[in-house]
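Data first, discussion second: the structure below is written as structure tokens.
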Amino acid sequence: MDSIFAPKSSSISSLSSPALLSRFLEASSSRKFSSLTFIGSRPFRPSSYSTTFAMTSNDVSKPKIITGDFGYVLEDVPHFTDYIPDLSTYSNPLQDNPAFSVVKQYFVHVDDSVPQKIVVHKDSARGRHFRRAGPRQKVYFDSDEVHACIVTCGGLCPGLNTVIREIVYSLYHMYGVTTVLGIDGGYRGFYARNTIALTPKVVNDIHKRGGTILGTSRGGHDTSKIVDSIQDRGINQVYIIGGDGTQKGASVIFEEIRRRGLKVVVAGIPKTIDNDIPVIDKSFGFDTAVEEAQRAINAAHVEAESVENGIGLVKLMGRYSGFIAMHATLASRDVDCCLIPESPFYLDGKGGLFEYIEKQLKENGHMVIVIAEGAGQELLSESMQSRNQQDASGNKLLQDVGLWISHGIKDYFSRQKTMAINLKYIDPTYMIRAVPSNASDNVYSTLLAQSAVHGAMAGYTGFTSGLVNGRQTYIPFYRIIEKQNKVVITDRMWARLLSSTNQPSFMSDKDVIEDKTECISGEKKEEGPATQFLDNGNCADGALENKEVSSV
């Protein structure tokens, strides 16, 4: 399913290059790939397999889709050959690399793809797939011509330095690339600061440190200045590490580079400690964050059970998604109540949070509460909210819900005068963000970095390297930035949490019905039957449940 596209036109007559025309005819007559379709022109040889790629009048690329039999859909990523004709190719130097001499199959097959959903019914269509990551037999860069750069943007996250290290090591030791630059201070570093020369010696031990040696910042995205800087410095591979906002910026940079017709790869590596990037199984740093959150929860538990009517309150990260709070709660088994942005709750009255706290204290003499930073924001008074204030990345500034709810709990028991409580509030947010990654995230970060380098050398661009159902893939930017990954509170993972904590759901029957309706009638309804979404926990293309359900 190797796709061939006209560089700038939707007409077959535009294939003026003999080499490109030859590739087109060869592909058209092959058994595996029998037709091409260009949006905006008449179809050419419609058949059971087709590829769709569009260039609009304002020269912004559209999704690149390959379809096949039995409902097969490949959401492919852009390639240099889509818009640059007559490119030279080279043999992949990995075939001469002694480290790979024990590998039976050096290279990923051109038709390899990874399904987005692995829980299917007997009559399900094959569904959506992503291109499998890994080294290709031919590369589109000679090692000596590569001038790569790496930039980190947004907030800190465990594993940033590991990703930087492994990109440098992969370029040097797998492909013989010796020119790698670090962009200092995020996107604005492209045009406002000097670069940092990165070599294996420079980055050798950085994975043992938290943070990022390149520095980071929010905002500062000026597309024209950034691409001008890339062009002026002769950079032809750009590795961008950051969250959804950063990946949106990377997508815009790719479009401008493609518009200018530059042979420059833009490769993203998704970074979000909240695990709120869709499609991928999880983001690097998430396992470390959950592990570190345990320390705070353990401390809260010790404090709470050491005094009469002790309450340990821990605020964890999770602006819009409660994955860290949910998984830390499940791992801990010491938590009595977990509050996340996706699950609404109320404070006063029958069945409210305050009543539940009072019940737990009477029964057990202590309790531990975990709350994600984005939970309960709608309950804060208007005077406390910062509706119109945003940070440099465009995120709404949130109030400290942990501090607010701790005051609320104290005020409630002060009014009730039924028992004296002893509440300890712990906020480990910046401690968690700043630690080095653990063993699991180090391995994962290595795979992400190596996959990004393999894809760049193979001429793919405008993609994010990510894990889908346990396999490394190349995902087009538009899928990464189209929405946020959130906990689905009507699936089994959240039910497991409720059974672990024995907390009430704090939801009315109406809330449950509305949530299920939204899940079933959402954008992804065409992916499969409604029961599939509710069973595999991936209604919003989101939860880690996608892998877990296959083993239960």
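Using the three backbone atoms N, Cα and C, a Cβ is placed for every residue, glycine included.
All annotation found in TrEMBL is predicted automatically rather than curated by experts.
Marked as domain 'Phosphofructokinase' by TrEMBL: 149-454.
Look at TrEMBL and you will find Gly155, Arg218, Gly219, Gly243, Asp244, Gly245, Thr246 tagged as ATP binding site. Its Cβ taken as reference, Gly219 (ATP binding site) is surrounded by 17 other Cβ atoms within 10 Å in the chains shown.
Taking Cβ-Cβ distances under 8 Å and a sequence separation of 6 or more, the neighbours of Asp244 (ATP binding site) in its chain are Thr272, Asp276, Ile277, Ile480, Ile481, Gln484. As annotated by TrEMBL, Mg(2+) binding site applies to Asp244.
Annotation comment: TrEMBL describes Gly245 as site 'Important for substrate specificity'.
TrEMBL lists Thr272, Ile273, Asp274, Met317, Gly318, Arg319, Glu373, Tyr430, Met431, Ile432, Arg433 with the feature substrate binding site. Cβ neighbours of Asp274 (substrate binding site) (same chain, under 8 Å, six or more residues apart in sequence): Met317, Gly318, Arg319, Tyr320, Ser321, Phe323, Ile324.
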Can you figure out which of Glu373, Met431, Arg433 (the binding-site residues) comes closest in space to Gly155 (ATP binding site), comparing Cα atoms? Arg433
Going along the chain, which residues six or more apart from Arg433 (substrate binding site) have their CB under 8 A from its CB? Gly155, Leu156, Cys157, Pro158, Gly210, Ile273, Ala289, Met317
Could you give the Cα-Cα distance between Thr246 (ATP binding site) and Glu373 (substrate binding site), in whole Å? 21
Cα separation, Gly219 (ATP binding site) to Glu373 (substrate binding site) (Å, whole number): 22
Hey, what's the Cβ neighbour count for Glu373 (substrate binding site) at 10 Å? 25
Measuring CB to CB from Gly243 (ATP binding site), give everything in the same chain under 8 Å that is also at least six residues away in sequence. Cys153, Gly154, Gly155, Pro270, Lys271, Thr272, Asp276, Ile277
Per-residue pLDDT averaged over the domain 'Phosphofructokinase' (149-454) comes to what? 92
What residues, ordered by sequence, lie under 8 A Cβ-to-Cβ from Met431 (substrate binding site) and sit at least six positions away in the same chain? Glu292, Ala296
